[in-house]
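**Q** Sending over a structure as structure tokens; questions will come in a sec.
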């Protein structure tokens with residue numbers, strides 16, 4: 001092949017490689033966001049479950065839900081970390097892409113922060129409130145329903161299946177301890193390997209952005225708010241009656257039975 | 001006494017199981033909200049009654065204790081959530097879930113608070129209370145880098161709660177609100193704590209400076225550090241008496257002190273190892289008094305001896321007596337820095353300016369900049385030339401390599417150890433001038449011992 005043709009061929013190959021790598025980055029970015037959304041969802045569900053620990057909503061099932069959700073969270077965490085580290089280590093990314101990946105990185109580390117704390121708390125509370133004892137001493141918090149739908153949401157399944165042993169409340173704790181250490185180590189490693197300055201990241205959402213979403217908070221909660229608003233008209237000075245308890249329309253507080 | 005046992009437990013008073021026990025605990029009632037019934041509510045009265053009975057205390061004590069439980073968030077009021085008092089009437093209260101118990105191990109974080117405010121913002125369609133609005137905007141600035149996460153997590157947490165049945169959802173909201181009423185981080189500084197504010201500001205100011213300085217420090221990768229450490233070890237291997245032995249023999253073992261005598265400061269002919277070390281680094285040369293002397297001779301030949309003299313004078317200033325500092329600074333100025341000085345040193349104008357300014361208020365380290373300048377001048381210029389010079393090469397050739405003393409024929413034979421005369425004895429002997437020599441108490445036998 002003569003020289004001119006050869007160099008033209010080389011240029012063509014180079015351009016194809018470049019464009020495909022930027023295309024790759026586009027797809028990778030989207031992939032990353034999806035994975036982060038999943039991690040975010042599981043983190044929120046996990047926190048919800050930990051809040052129920054030690055209360056009258058606590059049960060063998062809850063402990064199993066916690067375990068499964070936790071493991072799912074860790075899977076997602078590792079997947080996210082690998083993907084993001086790969087993206088951030090690539091020197092050929094454009095400045096804009098890099099800024100975006102750093103933003104995603106901050107989202108990831110924030111999620112991991114919450115997850116780590118919640119794991120530690122679930123260990124502590126789980127130890128304080130064992131289930132397999134002659135008399136359980138769970139705090140009567142008013143919450144009595146099951147958390148199975150929350151866990152199902154975390155696991156992205158229709159229905160949760162329960163197959164754990166009856167001693168899960170104590171057996172799982174040892175595993176949990178190991179996992180907590182692992183998460184801690186992973187986070188340390190992450191900080192070493194990837195040099196992202198979190199304070200340099202700018203959020204995309206402005207203040208009050210959450211109000212603009214089309215998220216409907218749910219029928220019953222809207223019902224709660226509307227009741228409160230009615231009350232606000234009847235007792236305008238007292239903001240307290242609308243705070244959380246949807247009160248009856250006439251009395252400022254509901255009588256206890 | 002009952003109060004003490006209750007509040008002295010490390011984790012929480014409710015760890016004592018019976019308070020929330022269905023049979024033996026506080027009387028539970030149902031709370032009806034329209035069509036929703038939520039169990040596990042108790043009146044303030046019931047709480048106080050239970051405490052009185054359980055701990056056999058007075059009503060006053062029980063009220064106080066119960067009040068603490070509310071203040072620290074173990075029990076929260078259902079009516080009037082902002083009023084953290086335990087009323088001894090039929091006001092409703094509920095136990096808080098363990099996750100939301102106040103604990104110093106798990107301090108409330110700004111991130112969590114921001115998420116809570118965002119959730120409330122969504123639920124209330126923007127109708128936050130004044131101080132909440134303020135805190136919201138402060139947090140939005142302060143943790144702006146993670147604000148996207150705040151919004152994402154707020155939405156997801158609400159979606160998770162949606163999965164619960166209505167009664168539980170209401171309880172959850174009340175629990176959260178109760179927690180944050182007590183534990184919200186102090187986002188804003190109250191105005192009347194002006195004094196504390198200034199102290200805090202000063203603290204932040206200095207901490208920022210310290211951390212900026214730390215960020216700016218040169219850091220060396222451990223891989224590079226270790227490499228240079230390896231090089232150093234290799235270079236000095238043959239010079240290390242423990243690793244490579246010393247010639248002619250180790251005085252501590254052989255009792256032969258020639259190793260020390262041939263290495264004294266001003267010996268006639270230095271050892272080869274010593275002269276070799278002068279080529280390792282400039283500091284090695286300068287730290288050896290013989291090396292320094294040789295270097296001085298060389299510089300005199302080059303007509304740049306004033307540099308070394310200046311350096312020596314600066315060292316003397318730095319390490320010398322405090323009382324002589326002013327005098328020494330004057331001398332240095334007169335001899336080396338003043339225009340037309342006998343041994344004027346060539347320093348760049350900026351450093352000269354700074355030094356002359358500093359001389360007006362002399363102290364031990366005033367010459368540091370100038371000294372460093374001259375040091376680097378010599379190191380880069382004269383020192384490499386010295387190492388290539390005839391003077392140095394001759395020194396190296398002349399240097400002796402002592403013979404290793406032959407080991408004794410019977411290597412496993414132990415030499416009899418004998419102590420050298422005690423210094424105390426030596427002084428006594430000189431004191432007892434004229435008296436019989438060697439008349440000391442114990443050590444005299446050493447001189448009569450023969451070596452085996």
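Glycine is no exception: its Cβ is also placed from the backbone N, Cα and C atoms.
Where the annotation comes from TrEMBL, it is an automatic prediction and has not been curated.
Here TrEMBL flags B:1-13, B:419-429, B:442-452 as compositional bias 'Polar residues'. The region 'Disordered' annotation in TrEMBL covers B:1-21, B:413-452. What TrEMBL records for B:22-97 is domain 'DEP'. According to TrEMBL, the feature domain 'RGS' maps to B:281-396.
Describe the structural context of each listed feature in the structure shown, including burial, neighbouring residues and relevant distances.
**A** Residue counts for the domain 'DEP' (B:22-97) under DSSP, split into helix (H, G, I), strand (E, B) and coil, are 25 helix, 20 strand, 31 coil.
In the predicted structure, the domain 'RGS' (B:281-396) carries a mean pLDDT of 94.
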**Q** Looking only at the domain 'RGS' (B:281-396), what are its DSSP counts of helix, strand and coil residues?
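**A** Going through the domain 'RGS' (B:281-396) residue by residue, I get 90 helix, 0 strand, 26 coil.
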